[in-house]
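*Asks:* Here's the feature list from TrEMBL:
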| type | residues | note |
| --- | --- | --- |
| REGION | 1-25 | region 'Disordered' |
| DOMAIN | 278-448 | domain 'DNA primase large subunit C-terminal' |
| BINDING | 287, 367, 384, 424 | [4Fe-4S] cluster binding site |
| REGION | 460-508 | region 'Disordered' |
| COMPBIAS | 477-493 | compositional bias 'Low complexity' |
| COMPBIAS | 496-508 | compositional bias 'Acidic residues' |
């Protein structure tokens, strides 16, 4: 697969051979693409598939996968992002091509660590399961033949003849259900797990497997192939890492976020320094609440914490002047005198606002960036508490915030399953007394904005006076918290660009 920064003309294809590379809308992705594509197309395909996988992850946790609501929402996302969700008409070549190429791009990006591989494998499995189950009987049979899985659907006459045996040998199947369900004739080697569990009817060396179990066999086959392919791709990383253009791009994708960057906030100047303590309790995500409490307790944060928290405060509306006042007042309460602050720390604050150095207007960190990069060490308070805290310390912290035991158990289950953003989403629901927040949480500043929208009824914040000299920092809410802890896109924002990638593609 070649990647070129110059836009290349697509090969002219005759109408009759447009479908030849992709005879089916579903595939096992065994053959990598070989055509040349532009970097713009590379970016577009990768970002769209990542958005799709994020939706798959969020829906898989918040809905039953076989439910109508799950299917409806996922189908809407397929349509919006122009991926093949069913066997469409013959003119769906572009959708099939996009599906093929985008899978291999993300395979490159997500083979770089065990954690990334595990996440990618799980989302691709869920994606495949949905698409396979949406195929019609005829198309499902054609697909099985295409991937050399010789599972033949038995005729109605044979099923009626074996109805009693199928009902007796298949757990949970009444005679009525046998008549409603489709059965496949499968070789014993492919159905060995069902045979060992005595969950399948055997005759003449074949297993007669119902549709609900055939998808598990196909999925297991796909999992084995994809898992092996990811391991082989990981071995090729040294050659990929030598490409100075490709490797940074793939790193961006693996740590990516789809949504607004919160660099330009309509609330700029509308946040009062006097209200930050109260806001930290009501509307800050756990990562920023932790940083704020650590700053108040220790009157200092290390560089990682200052960057993560400082850019978050910038995103919620603090002006440069407010930020300088906020950090200076807190630091001089510790071991930093005013002169040292002005000569050192003030520069980095102005730099983050684009007033020093390269004049880059830095954007607040997304959830994925916080989770995947720069893990905290001892004495640090940055990072994601759901990702970087020990479960017992996280439990204690949640208890101190009056989260009910049932809610803590739900959060810890999500953390155990490595669904860190969904754990934060559950924290939002519990602290705002909601059953379902109705959006995917992907950014700390999104958390703040949605919280304020709920708490203020959608009212805009009142503009603060420009003079800041008399602002006083008041500890309106002192939290009892242990300060020694060891430290997916919503439909409304899904059209925003991937954070940092656009700038990457426009570099000289």
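The backbone N, Cα and C atoms fix where each Cβ goes, glycine too.
Because TrEMBL annotations are produced automatically, they should be read as predictions rather than curated entries.
Computed from a predicted structure; not experimentally measured.
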*Asks:* Other residues with Cβ within 8 Å of the Cβ centroid of 287, 367, 384, 424 at the [4Fe-4S] cluster site?
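*Replies:* Once 287, 367, 384, 424 are set aside, the remaining close residues are 285, 286, 370, 371, 385, 386, 387, 420, 421, 444.
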*Asks:* Determine the Cβ neighbour count for residue 287 ([4Fe-4S] cluster binding site): the number of other Cβ atoms within 10 Å of its Cβ.
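*Replies:* Counting Cβ neighbours of residue 287 ([4Fe-4S] cluster binding site) within 10 Å gives 27.
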*Asks:* What is the Cβ neighbour count of residue 424 ([4Fe-4S] cluster binding site) at a 10 Å cut-off, with all protein chains included?
*Replies:* 26
*Asks:* Out of 367, 384, which of these binding-site residues shows the lowest number of other CB atoms within 10 Å of its CB?
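*Replies:* Checked 367, 384; of these binding-site residues, fewest Cβ neighbours within 10 Å: 367.
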*Asks:* On the 0 to 100 pLDDT scale, where does the domain 'DNA primase large subunit C-terminal' (278-448) sit on average?
*Replies:* 92
